[in-house]
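Let me begin by presenting the structure, written as structure tokens, before commenting on it.
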Amino acid sequence: AGHGARKMEDYGRFLALLASSLLVGFVSVILSLVWVFHYREGLSWDGGPAEFNWHPVLIITGFVFIQGIAIIVYRLPWTWKCSKLLMKFIHAGLNTTAMILAIVSMVAVFDFHNAKNIPNMYSLHSWIGLAAVIFYSLQLFLGFAVFLLPFAPVRLRAALMPIHVYSGLTIFATVIATALMGITEKLIFALKNPAYSESPPEATLVNCLGLLLVIFGSLILWMASRPHWKRPPAENAKLLSPIGATPEGTEAESTMTNSSNADKSDLRSNTEAARKQNIKFDEAGQRSTM
């Protein structure tokens with residue numbers, strides 16, 4: 001009974017974090033809109049400042065908020081009964097949406113700069129931002145090719161999965177860092193009278209927006225890095241799926257779990273024995289697919 005209670009408490013903790021991150025992400029999007037409509041020139045596509053304003057709005061909506069949701073989508077416990085393939089499509093679809101919005105947001109900046117004869121690509125913000133977009137598109141392409149299309153051998157999937165996870169989290173963190181650089185740069189450029197240093201209301205609003213982006217990022221990274229919130233591997237899906245439903249065959253991704261956590265979450269006590277058991281389980285999982 002203690003095990004079940006612990007699982008429920010864990011589920012509750014996950015839901016609380018999920019709700020918090022959705023709220024913080026949503027408020028960030030709202031604040032970006034308040035910023036551009038209340039303090040700046042709103043949104044349009046005319047080569048002027050209102051075209052530039054698509055940049056922060058689309059980056060925060062797509063590259064931060066939607067990408068964050070894409071990262072944790074496998075961890076939503078109510079999706080564990082869904083086929084892994086469906087979840088891959090949702091993960092890929094959200095990331096593709098984020099990518100499109102990021103590209104449109106960059107076009108807006110180049111357009112605005114060119115119309116106003118402002119040089120492109122001189123700031124650190126632009127260098128790291130462009131690098132993030134390039135790596136993100138590479139990550140997206142490789143993700144489709146290796147994990148979604150059925151051609152890649154299991155061995156290749158197993159080898160690339162940890163790299164895919166690491167790259168995804170690193171790009172996400174880099175995007176948030178780049179967003180902070182961008183809003184700082186914009187405030188310094190735009191606030192002349194009163195200056196940024198005089199803390200006008202716009203400065204306070206946008207500083208708070210930056211704070212929320214950091215909180216959003218840290219919540220997503222926490223949820224994405226807890227081993228016991230991982231989607232259970234296919235062997236365990238039998239325990240979760242209705243009788244008669246056939247879980248997807250053992251997949252390379254399944255072997256990448258730290259432990260068959262769904263029914264073994266009691267291994268979480270950080271004892272030596274638990275760690276050894278995790279490692280043993282991992283090796284067995286690896287062998288079964290090699």
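Cβ coordinates come from backbone N, Cα and C, glycine included.
Remember, TrEMBL labels are computer predictions, not curated facts.
Record features, source TrEMBL:
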COMPBIAS  252-262  compositional bias 'Polar residues'
COMPBIAS  263-290  compositional bias 'Basic and acidic residues'
DOMAIN    20-225  domain 'Cytochrome b561'
REGION    240-290  region 'Disordered'
TRANSMEM  14-37  transmembrane segment
TRANSMEM  57-77  transmembrane segment
TRANSMEM  89-110  transmembrane segment
TRANSMEM  130-151  transmembrane segment
TRANSMEM  163-183  transmembrane segment
TRANSMEM  203-224  transmembrane segment
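A contact between the transmembrane segment (203-224) and the transmembrane segment (14-37) is present, since 3 or more of their C-beta pairs, 6 or more residues apart, lie under 8 Å. Per-residue pLDDT, averaged along the domain 'Cytochrome b561' (20-225), amounts to 98 for this model.
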